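Notes follow the structure.
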Amino acid sequence: MRKGYLNQDRVVEHELQEVGFSPESDKHEDDEEEEEEESVEKIFESREVPSWTKQLTLRAFVVSFALSILFSFIVMKLNLTTGIIPSLNVSAGLLGFFFVKTWTKMLHRSGYLKQPFTRQENTVIQTCVVASSGIAFSGGFGTYLFGMSERIAKQSGDVARGVKNPSLGWIIGFLFVVSFLGLFSVVPLRKIMVIDFKLTYPSGTATAHLINSFHTPQGAKLAKKQVRVLGKFFSFSFLWSFFQWFFTGGENCGFSNFPTFGLKAYQYKFYFDFSATYVGVGMICPYIINISVLLGGILSWGIMWPLIETKKGDWFPADVEPSSMHGLQAYKVFIAVAIILGDGLYNFCKVLSRTLSGLFVQLRDTPSFSRRSFIVQEEDNNPHASPQTPKESYDDQRRTRFFLKDQIPTWFAVGGYILISATSTAILPHMFHQLRWYYILVIYISAPILAFCNAYGAGLTDWSLASTYGKLAIFTIGAWAGSEHGGMLAGLAACGVMMNIVSTASDLTQDFKTGYLTLSSPKSMFVSQVIGTAMGCIVSPCVFWLFYKAFDDLGIPNSEYPAPFATVYRSMAKLGVEGVASLPRECLVLCYGFFSVAILVNIVKDSLPSKLGRFVPLPMAMAIPFFLGPYFAIDMCVGSLILFIWERVDAAKAEAFGTAVASGLICGDGIWSLPSSVLAIAGVSPPVCMKFLSASTNSKVDVILQSLGMNGKASVSKELNAKHSKILEALLKKPDNRECADCRSKAPRWASVNLGIFICMQCSGIHRSLGVHISQVRSITLDTWLPDQVSFMQSTGNAKANQYWESELPPHFERSSSDAFIRAKYNERKWVSPGGIQPVPTATKLSCKVSHLVESGYKPETPKKTRTLSLDEDLLLKHALQITPPETRIRAGSVDMKENLYALPLPLGREVKKPNQKNEMFSGELYQNRSTTIAPPSSWATFD
């Protein structure tokens, strides 16, 4: 970059003066001419720099608001899927330039243009957009804030420790209370950071050079080409996401579930999911990050988890759910947490030591520091200036003069911090009664110091440790509050307070650096940050609320939006409050080991020469797929491969347009989240479910379909199906059905058709694991219902069903563990009255049995081929007969295939026996579970 060249020139000039080289020489004159040609500010010398009030234009904020919505959707989607968020500064600056340039060109042609588009206005847009979309990260929608919810607490099995479900009102209020403090904490230090210490702030510097280049004739031409390329790939990404949506009409359907490397690899999440977003992220992220993520996925899902699974029944109970924190899930979460904490601790100590040592050197080398820090000096006009001090370049002189022109009073910053701190200390305990006022006071007293450390460290390394400071608050405040006084929620809320302060402080100093290099006033930068933060406090919660309402399975493992770090942050809070006693066997030993390895890898990386150290993987990046799986790492590596080949074929075009291509892929797929959310809220379901089966399973499914005559769903017309939907929606509005029959969660969207109850998404997964001989789960909106199924739901409902299943349940029974409660309720029939009568659907006789078909030599007409239609084979096989699973295990669908495969109910009174050998797939007769009275469903209607 040009800035680097200028710094290098000053160093060379200083060295020549020390060895006595004459400044009058021709060589020196040539150097000065070359430096003048490279000077950025010489290019803009003839252009008037607008005042700080004219830099803040209405059109800039209109464009900023539109781009804030776009980037908030992108960041939110990334936050709720994997948590990997690349820098979007370049995209924000590029799109801001394009929109306002188009706007001003139209006004110029019509003769209404009053003020030309300047680089200062471009900087205001970029600052405002990044501040707004940054709230989508620091707001904790995929971390601490969502970690407070009941949905995440159920997965962790600690609902009793306290929950606070998301609500649009308190989220917006919380963000407005805590998001502005960081801005005031670093305002008095802006000159020290930017001018006295000359901190680099790589992201801010890169953004400034990008904006400067846009406003040169050559840069403007390149920017137009970049925008054109971005638009093409934006359109491609958006249309590709739209096309994929048509094939996702059920669970685990669509291209995102394509078993690229086979079904066994798919089971352990090794597959390419055709995500344009993460291909674009891979093109932006450095190669070492993408490789680190892939290595972490191979180590965890390729080696560790299959080995730990073999210890089921020894290290952890064999009968726990896969999502239980007492089983394999605990190893996934807490080992990832250990790696993150080890990496975070090392980098915290490293950045803090560099911060303190750099600060010491700056103070030592500047004896008159305290006097110079707040007084405008012009050393160029000082005849007594030291001859050893290198003369500032023209660029630096001009930038310093304009940067110090508009001062922000120190009293304003200090007074604003005190006022907002006092207001926040008074309000937050009413939002979170577990967060005492003295906890908040301690945070606000220590926050300016930590904000300065984070801002200074970001200037040196471009690394913001906001999340690390947030984790520090989780452990300190959580342990201080204690388990009995809501320490878990207190720690998570304290994490949010701390993260918002240090994150916004770092962002503002980056923007001050950008403003310094583009001659943008510090006042306009501060106002832009304030307005952008205010936008983010409204836009980001609304975007999250749209996701939350549109996707019932948000935060559920293996769903489209699993929000993995919400579980991680809640697990950290649990660890800080309860300690390590609740971990499964050997989990703590593994955590200690990986914590130490994370520190050791960082030490080795920093000890090696840079040429070798850059090949050492990053522990933080390796930890992410431990919990999620490596599927997105494959996408990112595909992006890296595309960029690598492009650079080898045409390095110049790859450098010029690589970021534009990646940004287009990310933006197009990200903005599709908006229409997909609207469609989900409106109840519009995709028309096709595309699944992938093994050939052997496919042929057996064909036999069952043709032999059992399970075509009842085909007889349901669209009109009848619409009528059923209206009936079911009306049933859900009844007071007794507005809550889940088991956990009392609001707005259930699933049902058990043979129990006659409405249940939530979380409980539906547990019902599936019970086996279809106990509970047969349907979606209210995704599945087609038959008349007698709807009729049974009308005649039963939650109240009537629970009169039987909970007749002896204590009045104030604590439903702390939904898994254990549901199993006790339906499997063990623990609270059923001996004389009670279970509501059952009307039995329907089956036309024939599979054994009769096999004995008669019946063969399927459908050829054996891989089915790509919407057939839920898992549920079908459970109802029909016990079939030996193929060697390549199918990914679990809506019903667990591990147990109770031989569970098709028959007409009552028929005695059957169960085959005891794997090769007796069709030889045995069907049997009936005698421990429960189960009538078969009237027909079968779960296939699209």
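Yeah, the Cβs are placed from backbone N, Cα and C, and that goes for glycine too.
Range 1-40 is the one annotated as region 'Disordered', of 1-40, 361-400 (source: TrEMBL). Same-chain residues lying 6+ beyond the ends of the transmembrane segment (408-428) with a Cβ under 8 Å from its Cβ atoms: 173-174, 177-178, 180-181, 184-185, 187-188, 190, 374, 435, 437, 440-441, 444, 448, 493, 497, 522-523, 526. Outside the transmembrane segment (437-457), and at least 6 residues removed from its termini, the chain residues within Cβ reach (under 8 Å) are 181-182, 185-186, 189, 193, 197, 199, 351-352, 354-355, 358-359, 417, 421, 424-426, 428-429, 463-466, 469, 473, 477, 480-481, 490, 494, 497-498, 501-503, 505-506, 508-509. Contacts between the transmembrane segment (167-189) and the transmembrane segment (526-548): present, as 3 or more C-beta pairs lie under 8 angstroms, all at sequence separation of six or more. When Cβ distances are compared across the two stretches, the transmembrane segment (287-308) makes contact with the transmembrane segment (624-646), since 3 or more pairs at least 6 residues apart fall below 8 angstroms. Take the transmembrane segment (124-147) and the stretches 56-78, 229-247, 526-548, 624-646: counting Cβ pairs under 8 Å, 526-548 has the most. Residues 81-84, 260, 268-273, 275, 277-285, 287, 289-291, 293-294, 296-298, 300-302, 332-333, 335-336, 339, 562, 564, 567-568, 653-654, 658, 662 of the same chain, all 6+ positions outside the transmembrane segment (624-646), place their C-beta atoms under 8 angstroms from a C-beta of that stretch. Within the model, the domain 'Arf-GAP' (725-839) carries an average pLDDT of 85. Outside the transmembrane segment (229-247) by six or more residues, the chain places 91, 94-95, 253-256, 274, 276-277, 280, 657, 660-661, 663-669, 671-672, 675-676, 679, 686-690 with a CB less than 8 A from a CB of the stretch.
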